[in-house]
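Novice: TrEMBL feature annotations, pasted as is:
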DOMAIN    12-219  domain 'Cytochrome b561'
TRANSMEM  5-28  transmembrane segment
TRANSMEM  48-69  transmembrane segment
TRANSMEM  81-102  transmembrane segment
TRANSMEM  122-143  transmembrane segment
TRANSMEM  155-175  transmembrane segment
TRANSMEM  198-219  transmembrane segment
Amino acid sequence: MAVGWFYLSVVVLCSLGSMCILSTIYWMRSWQGGFAWDGTMLMFNWHPVLMVTGMVVVYSAASLVYRLPQSWVGPKLPWKFGHAAMHLLAFILTVLGLHAVFDFHNQRKIPNLYSLHSWLGITTVFLFACQWFLGFAVFLLPWASVQLRSLLKPIHVFFGASILSLAIASVISGINEKLFFSLKNGTNSYSSLPSEAVFANCSGMLVVVFGLLVLYILLASSWKRPELGMQAERQALLHGGE
């Protein structure tokens, strides 16, 4: 795979990720009244924006760090720090997103964690927290043996892709739930597909497309860091070889 094709894919992914975030912001501003941090519905509006930004876009960017050709040569430790730091940023944004929705629910006396969307979301965040702490302890700190890292690496990779899949499912179910709550009256019911429903559905499909492309890159063998002993192929890729 030529390096030019890789970076074209990176540009496409960056564009799609930006569109996912911007479309969510536009939805919340244009149809839901904008943003505040005061316990009202305007505080809730931060929830979808922060979750899409943290659990989907920034999480995906952190997961793809080792797919950059520059990470295939030279010391791996700086890339490990970058990988961990970006995941930590994703986790912080996710926690802020959870705080927004829990604080809004508590202010309005709305029960927490009763819907399938909330169950999916909280499970995803819990697995994400476990994944980050395990990765930090085993792959970043120097105490773990090579054998232990080799044993846990496939599990770490599997849960990385699984968490992203669950995050996408949580976003899609959250968009659907929000539309059902917002479009309840007869003139603007969800089934009549008003403009808000069309836009939000398209935003959800955008998240799905973005997530599937990220999963493809994560799982495709041709995008993975080469094993030791493949210096010639790595150098060829960095210089635009096939």
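The backbone N, Cα and C atoms fix where each Cβ goes, and this holds for glycine too.
TrEMBL annotations: computationally assigned, not manually curated.
Help me see these features in their spatial surroundings.
Specialist: The average pLDDT the prediction assigns to the domain 'Cytochrome b561' (12-219) is 94.
Sequence-distant contacts of the transmembrane segment (5-28) (same chain, at least 6 residues past either end, Cβ-Cβ under 8 Å): 34-35, 45, 48-49, 52-53, 56-57, 60-61, 64, 67, 69, 196, 199-200, 202-203, 206-207, 209-210, 213-214, 217, 223, 237.
Same-chain neighbours of the transmembrane segment (81-102): 37, 43-44, 46-51, 53-55, 58-59, 61-63, 65-66, 112, 121-122, 125, 128-129, 132, 135-136, 140, counting only residues six or more beyond its ends whose CB sits under 8 Å from a CB of the stretch.
Counting only same-chain residues 6+ beyond the ends of the transmembrane segment (155-175), those with a CB under 8 A from a CB of the stretch are 48, 51-52, 55-56, 59-60, 63, 116-117, 120-121, 123-124, 127-128, 131, 134-135, 138-139, 200-201, 203-204, 207-208, 211, 214-215, 218-219.
Within the same chain, residues 9, 12-13, 16-17, 19-20, 23-24, 26-27, 30-31, 52, 56-57, 60, 63-64, 67, 157, 160-161, 164-165, 167-168, 171-172, 175-176, 178-179 sit at least 6 positions outside the transmembrane segment (198-219) and bring their C-beta atoms closer than 8 Å to a C-beta of that stretch.
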